[in-house]
Structures are given as C-alpha cells and as structure tokens.
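Residues annotated as active site in TrEMBL: Arg83, Asn101. Per TrEMBL, domain 'Acylphosphatase-like' is recorded for 68-158.
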Amino acid sequence: MLPDLGVCPSLAEDGAPRCALESSCRRIPVSAHLARVGLLIAFLSTLGCFVRAPGVGMNMAEGDTLISVDYEIFGKVQGVFFRKYTQAEGKKLGLVGWVQNTDQGTVQGQLQGPISQVRHMQEWLETRGSPKSHIDRANFRNEKVIVKLDYSDFQIVK
C-alpha cells in the first residue's frame, strides 16, 4: 500500500510518529520534505558534486573531469585500418574527436572525454592500434581541461 502523499510517510496510520526521532516529521507535508531534498541537490551541484539515483547511468560529464588532447602516431599506421580501429575504440570508450592520415605517413587527431577514458585511449594508441599496425611512438600535446565537448561523435577525417 502506498503512503498518503499529503503527509510524511514516516507517520503511522493514526498520524502518530513511528518513533520518538520522527516527532519532527509530524504534520509536515511530503512536498516540504521534497523541497528540502531539492535544495540539498542544488547546493551539492554548486559544489561540483552530483546525485545519481540507483540504476541510473552517468553521462560522460558526470563525476569525471573532461579533457581534450591532440595526438600523432608514428610507425606503420597507414594502409592498416588504423583510423577505423581508432574510431571504433574511441566510440567504445565513449570519447569524441577525430582521426586522419597525414602527408608524412602518420595518423593524427584529437580526443575529448572523461580523463580516465582518454587515458585508456592514449594507452591503446601507444601500445595496440589496429592488428596490422606497428607503432613506433605516440606524441600527445595540447592537453587541457574543457567544460564541454566540442564534438558529438568520433569521426574519420579524409
């Protein structure tokens, strides 16, 4: 049976508090309790905290600092589906950005997303790449904290 939404659900059916500690709840409408919860959430939000209901997933920006970093990968990285695998790995990690071949035989691009996921992608770019690639080195530069993502997807630039 659902509680009467007009009064505090901690009250017994006769309107008496269920315990001595709940006496302050007596006759306080549920809407007043909800208003206090709303103020608490607003206050925590101003501190950079967030509140997540159980079972609700976090979006990319919650709970992790967003960063942007440029990269260039050297080695046998062209003609081996490196861009396609990079795009797939980036999307799998929930990152946005772009990847393209250069005239110098390298692959370059930009990653944006939560710092933990960007770190995973940087490791992947340095050590794995596509199955037929051979990575000599990876350079990362222009790393910066960002407030919002500049891209909505991870694109291959031709």
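Each residue, glycine too, has its Cβ placed from N, Cα and C.
Note: the CA-CA distance between Arg83 (active site) and Asn101 (active site) rounds to 8 Å. In sequence order, Gln78, Arg83, Val107 are the residues near Asn101 (active site), counting only same-chain partners six or more apart with C-beta under 8 A.
The Cβ of Arg83 (active site) has 21 neighbouring Cβ atoms from other residues within 10 Å, across all protein chains displayed. Summarised as a single figure, the pLDDT of the domain 'Acylphosphatase-like' (68-158) averages 98.
The residues of the domain 'Acylphosphatase-like' (68-158), classed with DSSP into helix (H, G, I), strand (E, B) and coil, number 24 helix, 38 strand, 29 coil.
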